Every structure is written in C-alpha cells, then in structure tokens.
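Quick one: structure below, then a few questions.
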Amino acid sequence: MHPAFSVIFLTTLLGAGQGLYLAMVTGQLYAVARFLPAQADQFYAVGSLVALLLLIAGLGASFFHLGRPERAWRAAAMWRTSWLSREVIVLPIVMALVFAYGVAHWFEWTQPLFQVGAALQVDLTLLLGVLGTIASLALFVCTAMIYAAVRFLQEWHTPLTVSNFLFLGAASGFMLAAAYSAYIGNPLVTFYGTWAVILTLVGLASRLAHLRRNARLKHKSTVQTAIGVRHASVVQKAQGATGGSFNTREFFHGRSQSLLERLRTVYLVLVFPIPVLLIGLSYLIGSSNLPIIAFFVQFAGLLIERWSFFAEARHPQNLYYQSVA
C-alpha cells in the first residue's frame, strides 16, 4: 500500500497523545492509592494540555488525506459498520474528556463527589480520568481496526495490528511523560520511565510476532488464480498501460524490497533498544536530558515503523501491475 504521510502523522500523534493522557491518569491513580506522592494539580493540567495539542495535531494531519475536507463530517454517518466512522465519533469525545480533565485539575476542582468503599473518595478529576481512559482505549481499538478489519490485506488482518497500535502508542505516551517529568525536574520521571520501558518491551514482542506472522503468510491470491491459468510459471511482461495510474500510485509504495528491509532494521533499533538503554542510562547517571532524547528517538522510529506498516501490506490488485508493483 501507499504510505500517506498524513495518515502516518495522524496515527503516531494520536497514539502519543492518548498515551500521554493515560500516563497522567495512571500517575494520579497511583497517587490516590498512595503508591506515589501526590502531585500538584498543575502537573496533570499541563500534561493534559500537551496531550490535547498532540490530538489536535493528529486531527489536523488527517485533513490532508481528504479530497473534500468540507465533507469530513459525513464520515460519522456509517458508524454501524465502519471503524473509520467510529473513530471519527470517539476522537472528539476523547479530546473533550482530555480537555475537561486538564481544566478540572487547573482549577483544582478536587472536592469529593462520592465515596467508594471505606477510603476511596472520587472527585471530578478522577471520574474524568477514568472516563477518558475508557474512551482512549476505545479510540486505540477503532483506529487499529480500520486496518485490521480489511480481510483482503492479510498483513493487517490480525489482532496483532490492534496490539501494535495500543502498546506502541502507550509506550510513546509514557516516554513523553518521562521526558516531561525530566524537563520540569519532577521525581515521577523514574515511574514513567519504568512504565515506558515495560510498554516498549511489550510493544517489541507484539511487533516481532507481527513480523514473524507476515513472513510466513501464504497469500490466497496468485497470478494463476487472478487470471484463471493453472500453469506453474506465469510472468507478467507488461502492465497493459504506458504510464502510471491511480492503481499504481495508491496501492503500491514504489520502493524496493531491500529498502523496506533496511527501514525495518532502522525502526526496530530506534523504537525499542535505544530508548530503553537511554532510560536505563538516565537512572545510572541522573541525567534529565536522556529521557527527552529517548522520546524523540522513539517517535522518529515510530514514524518509520508506521511507514513500513503501510508499505508491508500487499494489495491483491498489484498482481495485475507486477511490472510496476
């Protein structure tokens, strides 16, 4: 498939924004459970603002993928059958909850609303945090299922697509939370850094499983089945047209297989071992710069990973354009 940069930035920015928001809520839940010291409300408010800006940037990137942006609102009409429509509906809900969560913390609306059990007092920020967490997880699923639900693109049609979007997005968000904490000198950098490492390693396991699965795929369609010829050796000599077309532009990435393999190595290094090593090194030497570097290195790797994700999908129609695709 053709990797559109608008969709690459959409998915990576949304993932980082959702992940950062989940990191803020996780930190608050740990503080409520007294596993972490309580933080100033402004800490969560600023973190939520950054998460909201990432979500807005991702939404803005999506408009560059539309032929008629003024009709974007119609994308929500098919919510009963379309994961894209569901994403269009869930995204503004997530953005509204992130905004409300940040505002509630900024104005310190922390008076208890009700009590659960003997000790847990639920205030507005905690309630919004839980609702936002549920919505964010739903958004991860909706975004990933846009691709995982496409049956004829066998590289995508697997639950591993959903796990990749979830864990890689969460890892980048927690890595950003560690960078944010390091930048302002907050001691939670260790907490967020540790969670970022855990999520990164889980994401590595998921991505490697996805790559291994795709390497063993047996495609249902071949040249023989496409044209109804049983001969063992069928080779296309020409695509039947003298120039390119929509089919050759939109359903093929136009790069060599060797480039894909090199990029795969690059993103596997940038997304996984380097950030983990940088976080570990920051613990040893007490550097506040290394978590920040770790986030930017990982995010750059995620852009390459997402490009490769789209490029790896082999559309069956390319059987008719083998001299190009």
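Cβ atoms here come from the backbone N, Cα and C positions, even for glycine.
Checked Swiss-Prot, it gives:
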type     : residues : note
TRANSMEM : 5-25     : transmembrane segment
TRANSMEM : 43-63    : transmembrane segment
TRANSMEM : 87-107   : transmembrane segment
TRANSMEM : 126-146  : transmembrane segment
TRANSMEM : 165-185  : transmembrane segment
TRANSMEM : 186-206  : transmembrane segment
TRANSMEM : 266-286  : transmembrane segment
TRANSMEM : 290-310  : transmembrane segment
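Give me the local environment of each listed feature.
Beyond its flanks by at least six residues, the transmembrane segment (5-25) meets 44, 47-48, 50-55, 57-59, 61-65, 91, 94, 98, 101, 129-130, 132-133, 136, 139-140, 143, 165, 168-174, 176-177, 180, 192, 195, 299, 302-303, 306-307, 310 of its own chain at Cβ-Cβ distances under 8 Å.
Sequence-distant contacts of the transmembrane segment (43-63), counting only residues of its own chain at least 6 positions beyond either end whose CB sits under 8 Å from a CB of the stretch, comprise 6-7, 9-14, 16-18, 20-21, 23-24, 27-28, 69, 72, 91, 94-95, 98-99, 101-103, 105-106, 125, 173, 176-177, 180, 184, 186.
If you look at the transmembrane segment (87-107), the same-chain residues 6 or more away from its ends with a CB under 8 A from one of its CBs are 14, 17-18, 21, 24-25, 41-42, 44-49, 51-52, 55-56, 59, 72, 75-76, 79, 124-125, 128-129, 131-132, 135-136, 138-139, 142-143, 146.
Nonlocal intrachain contacts for the transmembrane segment (186-206), taken as residues 6+ away from its ends with a CB within less than 8 angstroms of a stretch CB, comprise 23, 26-27, 30, 36-37, 39, 43, 160, 163-164, 167-168, 170-171, 174-175, 177-178, 180, 268, 271-272, 275-276, 279-280, 282-283, 288, 291, 294, 298.
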Apart from its near flanks, which chain residues at least 6 from the ends of the transmembrane segment (165-185) lie with a Cβ under 8 angstroms of it?
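Sequence-distant neighbours of the transmembrane segment (165-185): 11-12, 14-24, 27, 43, 46-47, 50-51, 137, 140-141, 143-144, 192-193, 195-196, 199-200, 202-203, 206-207, 271, 275, 279, 282, 288-292, 294-295, 298-299, 302, 305.
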